[in-house]
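Peer 1: To start, I am sharing the structure in question, which I have written as structure tokens.
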Amino acid sequence: MAVKTLKDLLAEGVEGRHVLVRSDLNVPLADGEITDPGRIDASIPTLRALLDEGARVIVAAHLGRPKGEVDPELSLAPVAEALAERLDQWVPLAGDVTGEDAHERANGLDDGDILLLENVRFDPRETSKDASERAEFAAELAELTADNGAFVSDGFGVVHREQASVYDVAKKLPSYAGGLVSAELEVLEKVSGAPEAPYAVVLGGSKVSDKLGVIEALAPKVDRLIIGGGMCFTFLAAQGHDVGGSLLQEDMIDTCKDLLERYGDVIVLPTDVVAAENFSKDAEHKAVGLSEIPSGWMGLDIGPESADAFAAVLGEAKTVFWNGPMGVFEFPAFAAGTKAVAEAIIKATDAGAFSVVGGGDSAAAVRTLGLDEKGFSHISTGGGASLEFLEGKTLPGVEVLG
């Protein structure tokens, strides 16, 4: 699909033009402070390129799930500060999304100025299931660009959503894929097209149901499919193991049995786990074999034997895609499995493998555990979007650019 890109827009010329950029600035906050600025950092190159060429940039983004109403705790104010720091220029925050203040500020922009709109999800039309409501909101966003405006889609973490500021607005303005979206698509096409073998995929996270589509899509294509995290316990139960009080999707056991029957030679499961008495960072815990989980205890990480086995598989890989932690990495006692897998991927990358971290919790884990982000070939900013792409689904926010 031929999609116009940021390079095309810059070649056409942006000096004096209002350019609406949909960025993904949905960062985690704790007490109003940004705890992981990864997505903000990833948005900077596209914004910088436009500003340097004299564009009048208007940024649309969301934060959290405010349910279509104003929530001061989900204001983009901390994000405006973080952008200003990184761009080394003032980034004013509009007091609304498409209201009087946004219009006034947008009209007052000079060449090379930037404006951040307030959280687009403060307006219920952004995420409405009613296409006419979304179209109405998209038209209001487009109006902010005055005459000769343009739209740049640069929020890869939201391109799988059919939302007003992602999808509908692209129908109202000349539209382009931003540098980040272009780079993300290029990387994912590389791992989904003809990846160099052996190709190993690591999937973690809590629910099998969330990853079923990607398991079905990837299992026939990969050499090894490593499964850890909370979702592994439903697979282990399907093998007949008693998983104690571990996270279990009973309605998915038969599905896991079927997957193991079809792809048992590809799927790699843990052989030991770190079990805990309860779900807390200070819980009593120990590494045990699969038949030794104490009654009522729950597995909160893969065990050391499994970590070594997973690392051995990854050591032979030439292409690696990783999405989802191996355990509750937020608790130090249950972070070892995730760290071991991440370090094995870094080692494989150093030996020449092409590695992609599929956004979401995996990217957060890399940063939380203090690992070198440059040790991976690519860290995606979009967990859900990258999974849907690998499932073979169309991404509405990309398709609409074509």
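Every residue gets a Cβ built from N, Cα and C, even glycine.
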Peer 1: According to Swiss-Prot, Asp24, Leu25, Asn26, His62, Leu63, Gly64, Arg65, Arg121, Arg161 bind substrate; so which of Arg39, Arg48, Arg105, Arg134 is the extra one listed there?
Peer 2: Arg39
Peer 1: Among Glu186, Glu189, Glu330, which residue shares the ATP site with Lys211, Gly299, Gly359, Gly360, Asp361, Ser362 according to Swiss-Prot?
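Peer 2: So the ATP site in Swiss-Prot includes Lys211, Gly299, Gly359, Gly360, Asp361, Ser362 plus, from the candidates Glu186, Glu189, Glu330, Glu330.
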Peer 1: State which of the following binding-site residues has the fewest other Cβ atoms within 10 Å around its Cβ: His62, Arg121, Lys211.
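Peer 2: Selected from the binding-site residues His62, Arg121, Lys211 on minimum Cβ neighbours within 10 Å: Lys211.
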Peer 1: Starting from the substrate site formed by Asp24, Leu25, Asn26, Arg39, His62, Leu63, Gly64, Arg65, Arg121, Arg161, give every other residue of that chain whose CB sits within 8 Å of the mean position of their CB atoms, in sequence order.
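Peer 2: Near the substrate site, beyond Asp24, Leu25, Asn26, Arg39, His62, Leu63, Gly64, Arg65, Arg121, Arg161, sit Ala61, Asn119, Gly157, Val158.
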Peer 1: Output the one of Glu330, Asp361 that, of all these binding-site residues, has the highest number of other Cβ atoms within 10 Å of its Cβ.
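Peer 2: Max Cβ neighbours within 10 Å, all protein chains included: Asp361.
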Peer 1: Counting distance between Cα atoms, which of the binding-site residues Lys211, Gly360, Asp361, Ser362 is nearest His62 (substrate binding site)?
Peer 2: Gly360
Peer 1: If you run the three-state DSSP split on His62 (substrate binding site), which class comes out?
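Peer 2: Its secondary structure by DSSP: coil.
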Peer 1: Where's the emptiest Cβ shell within 10 Å among the binding-site residues Gly64, Gly299, Gly359, Gly360?
Peer 2: Gly64
